[in-house]
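The structure appears right after this line, and notes come after that.
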């Protein structure tokens, strides 16, 4: 009687054992086996007090057990494994990593799973070889493929959380999500709990009861800053007033995506040569400096008309939509030379200059920094990394079965993204959520801002080289210290090379891309449903070549990994010193010069309570997940083919070289830039 040995591996998840009974059915090309009950409850260590499970949880180990399945006749090639869990003692979710089947002839067939078995639902697995839909020939595997997609489309449904937003998952709470995409422990991503812990760990609880009271002076802010310092945050605290520090942040701070070369002064910003001549070093007029490529501009037009936070009737809060002109001096430093705090010029909208009184100029810069904080949090971070990655993730689950090579490629890069976004909608950016506590765009302003920003979100703006070039920031000779650009280029090219290698393994021609109905459905789902066919978004609805597919998938991987890391993990560095990144302003922007003193600035900055919430937020958001997986780390072996594993190893080597290059460059720098270093780039948006 032929015997098949079934090996089941579990582990690396919060709960990995089960006290339930497991049934196995093997489906071959000739016939399928009887539904077989494994000879003991899997990992049933109930009588031993759960030692195996405790060991697994503590040591993060993979546990493996083997079972014999006897059949009456040879099954032929094993194409499917059906695994089913039935309640034995208590209902117990169980996580399966993979199943390996040893055939009577001694061959081994691996079936990746990496899924939870929940309730009494049957899970059907294909063998580990990736297959395009046109490569499946037998009715058995075709039917399985379609059945899997039918189930996924019912499970992963689109929902519009707010009008004009990219679509999100149809789930109101984290616990409503499919088990496979939930966090292992919901407690670990509880925003209320984490922010409260951060406030406690930062020793700022003492200020929370003084929620409405102002600080006494700038030095007073050190009372909530002194507990945790690092190289950059301390340097920011010491130098935040300097024009050099102000300008540098547009290149390598948290939000290095808004500065652009100024080729023509906008009519709404009537800066004259006479105003700024004292700031120019090359004996050129302002117009000549513009023509020479030495003038840059930052415009927060999207903030114009956004309703400021009014959730606290005791504290008025204010927003501005400033414009800032910057000059590249002879030492290639970027310095501010003119600031207008409104989009509408006029007598009540002065243009502030470095030659004005020190407090006039300082407050104008603070207003720009506050606007930059709002733009960064809501547009650069929330919209363009979190929400966009969720769109790609939902479309992937709906249109690509687990056997598809692109599913296998993308799954590590969308890990926990839907979960963290759902938790954010549940606690952070919802009505009366944490975002309302400290931010000027709370209370609905953040929703308005996303709705406006979506109108300028195009597919090409997510392609890193295109985004850099569209702002005329691509010349290393002109801006040698734009490290975000330089490191981003390296990571983009390494990622694109890896994606290209994988694409070319499975797509041997452009015609194969065109004939892949599943990949075409994925592309269309992103545009027509995820982006709601917005006229302005310009997302493709189909792909015609391997080159187009490679670029598209590079955008997905890069957005979820490198771009998110670049704009997320430096938040404590740059925003923990409150005057450098005020989350709200409590006085209106000045409408004339000569009236600002230090008291007005202190009264404008966040009060003690809001400062505490802000500090807790930027600290919590800057923390890496426990057991973080960084770019190029793929412990879950969805791919089993040797050519893909070779491509992964090549990718890891390229990333290691980039990491070494960045480390060498940073040596001895007072302001090291490491946000795009591959060893600090998680695979996915998970925080």
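A Cβ is built for glycine as well, from the same backbone N, Cα and C atoms used for every other residue.
All annotation found in TrEMBL is predicted automatically rather than curated by experts.
Just so it is clear, the model here is predicted, and its values are computed rather than measured.
Taken from TrEMBL, the feature Ca(2+) 1 binding site applies to 17, 92, 93. What TrEMBL records for 39 is Ca(2+) 2 binding site. Residues or ranges marked as Fe cation binding site by TrEMBL: 381, 386, 564. Look at TrEMBL and you will find 2-131 tagged as domain 'PLAT'. What TrEMBL records for 130-687 is domain 'Lipoxygenase'. What TrEMBL records for 116 is site 'Essential for stabilizing binding to COTL1'.
Compute the center of the Cβ atoms of 381, 386, 564, which mark the site for Fe cation; besides them, the chain residues with Cβ within 8 Å of that center are 380, 382, 384, 385, 389, 563, 567, 568, 685. Cα distances from residue 92 (Ca(2+) 1 binding site) to the recorded positions 116, 381, 386, 564 are smallest for 116.
The CA atom of residue 93 (Ca(2+) 1 binding site) is located 32 Å away from the CA atom of residue 564 (Fe cation binding site). Distance between Cα atoms for residue 116 (site 'Essential for stabilizing binding to COTL1') and residue 564 (Fe cation binding site): 28 Å, as a whole number. Counting every protein chain shown, the Cβ of residue 93 (Ca(2+) 1 binding site) has 16 other Cβ atoms within 10 Å.
Listed in sequence order, 417, 420, 421, 424, 564, 685 are the same-chain residues at least 6 apart in sequence whose CB falls under 8 Å from the CB of residue 386 (Fe cation binding site). Model confidence over the domain 'PLAT' (2-131) is summarised by a mean pLDDT of 78. Within the set of binding-site residues (381, 564), the lowest number of other Cβ atoms found within 10 Å of a Cβ is recorded at 381.
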